[in-house]
Amino acid sequence: MPPSIYSCTSMTALRVANNEISGQVPPEIGNMRELQFLSLTVNSFTNISGMFWNLQGCRDLAALLVSYNFHGEALPDAGWVGDHVSHVRVIVMENCGLTGQIPSWLSKLHGLNVLNLGGNRLTGPIPSWLGAMKRLYYVDLSGNQFAGEIPPSLMELPLLTSEKAMAEFKPGHLPLVFTLTPNNGAEVRTGRAYYQMSGVAATLNLSDNDLSGAIPREVGQMKMLQVLDLSHNNLSGGITPELSGLAKIEILDLRMNRLTGSIPPALAKLHFISDFNVANNDLEGPIPTGGQFNAFPAANFAGNPKLCGQAISVRCSKKSGMAPGKSSPSKTMGKRLLVAIVLGVCFGVVGVVVLTGLAVIAIRRFISNGSVSDGGKCSESALFDYSMSDLHGDESKDTILFMSEEAGGGDPTRKSFTFVDILKATNNFSPDQIIGTGGYGLVFLAELEGGVRLAVKKLNGDMCLVEREFRAEVEALSVTRHENLVPLQGFCIRGRLRLLLYPYMANGSLHDWLHDRRPEQPELDWRARLRIARGAGRGVLHIHEACTPQIVHRDIKSSNILLDESGEARVADFGLARLILPDRTHVTTELVGTLGYIPPEYGQGWVATLRGDVYSFGVVLLELLTGRRPVEMMAAAGQPRDLVGWVTQMRSAGRRAEALDPRLRQGSRPGDEAQMLYVLDLACLCVDAIPLSRPAIQEVVSWLDNVDTIG
């Protein structure tokens, strides 16, 4: 490091990550008294004790990121003390190979929010005082050599146990983004970059250690926890039913332990859980059904030979209450008669089904030859075909039809893939291939031969319509085509399994770009955000106005707005509600939709409406303008947690301009702010509490198209 850099005494952020810098952090760094953010990640710095000593002059330091340095050194027992440590909020020292134990001086960092010591060689027990840190809500101690039992006091972290404490917490933001990456080798949970501290998921990761004993019952207190990873340890005993108290949990990983007993049925009531893994334990009994449990892959339960249930296609035996012994002649004759009747009925039903199937196939082929009109759908022709294999169980013959429209229009070209092809392409629906989650099911990346990449949505089987109705609805959705929609390109029905095939969008979702942007990705400027708003609006307009019957989306949100290779917005998951049984419309809450996007009238028992979609689209517009999430888990005291309430409060206080995302000011042009405020007012019309006061989506799209005339 050139010594001259330490003379920049007014510098607030310094990142020299991913270089080949060596040597020590010199005492002169203490001259940088206004430094708030320091990242030395992935270099070859040495003398970690000296670094802590020299940083005592940086009295405003809030984030220290030093991963992949100080290789094999000992974490100092004494070091960072003084009044300045009250500002420290983030410490990330992962994959340094540090030795020793967790030092007690960390308990003096009363403002610490994020502690990541994963991927080191730390030993000893996990200190009980960690649970007393009032501002700590992200703890990663994975990939170390900690032993002993999990201290119950660790489950008492105030921000994870108290909704009130979390609501009163003021997280703020940092001058630069920082990245948190799990150390347990789970590729499905990739590193995330954070700018606003409110975006960091509440996490407790103790995986890949040598912890023993039972899972503490006190774990159920952590109702604000979002990620709990206890995998790759030596935990024993049962899975405590108290885990059902984790109301906000999204990821629960208990694999590779020595857990016994059954999986508590109450866990099926965890509404937000998207990844549950108990593979390689010694569990037994039925796997719970309902909720997201119907979508978890069989691999998540592998290595438990005594488990049974539909998730792993193993039938659970029914225990008989009769004592052993010989049956009487009359009972034996009755049983034989009953068996004969059942067999006769079964063979009769099979014969009817086969004949009906042949008739259906003949009719479908007759239709596909153009003899029957399409009936006024959104496009000219249905793009699906079926074969006799659809009625049988031979996996090698089940066909999934994949369609791709030729450039410039014309007849679609067809390419068939078998069910086995999809299994291979998703590695048997491996968790490593998961690219999305939701209330309807999980989404897997399928990489087929020839470079074809698909997004395969595996629906929750118990929620879906029966096969005939499901096929009819899928056919109707398949002809809904627009440049701002993600087209449905194929499907498969196999027993209870329902698969939907979509083109893979490599640029991810709008949610990713706004809230989980990777460091190498550029910021979305105002031009890009306006283009996304217009494209998404046109997609919603098409399903509202151009389709017969009209399609109510029900779940418009930033994660359902995907970006194609050119950055054009495409609305995903339209029409999925048609495939779900009327009494199974649960998505991610007990209402229709996703928390933060749900119109207020839906809470009064209203059915989903076009104006409800407009409300949800208005929330997306507010996300684009403010850069904030629809619900802030850690809103500042006195501020609404929901985005609509916060924007309403800011407008009422005459602070419209302050509600805009500060990142939009970078590279803005004259007149841009006037356009942003215009769209802000438009978004507020969309989120009016009175449905009839909201504009129709056609008006919204027209106003967005005219934004260029503003300013």
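The count begins at 1 with the first shown residue.
Each Cβ is built from the backbone N, Cα and C atoms, and glycine gets one as well.
According to TrEMBL, the ATP binding site annotation covers Lys458. A sphere of 10 angstroms centred on the C-beta of Lys458 (ATP binding site) encloses 23 other C-beta atoms.
Among the features that TrEMBL reports, domain 'Protein kinase' is placed at 429-704.
What TrEMBL records for 337-363 is transmembrane segment.
In the three-state DSSP assignment, the secondary structure recorded for Lys458 (ATP binding site) is strand.
For the domain 'Protein kinase' (429-704), the model's average pLDDT works out to 82.
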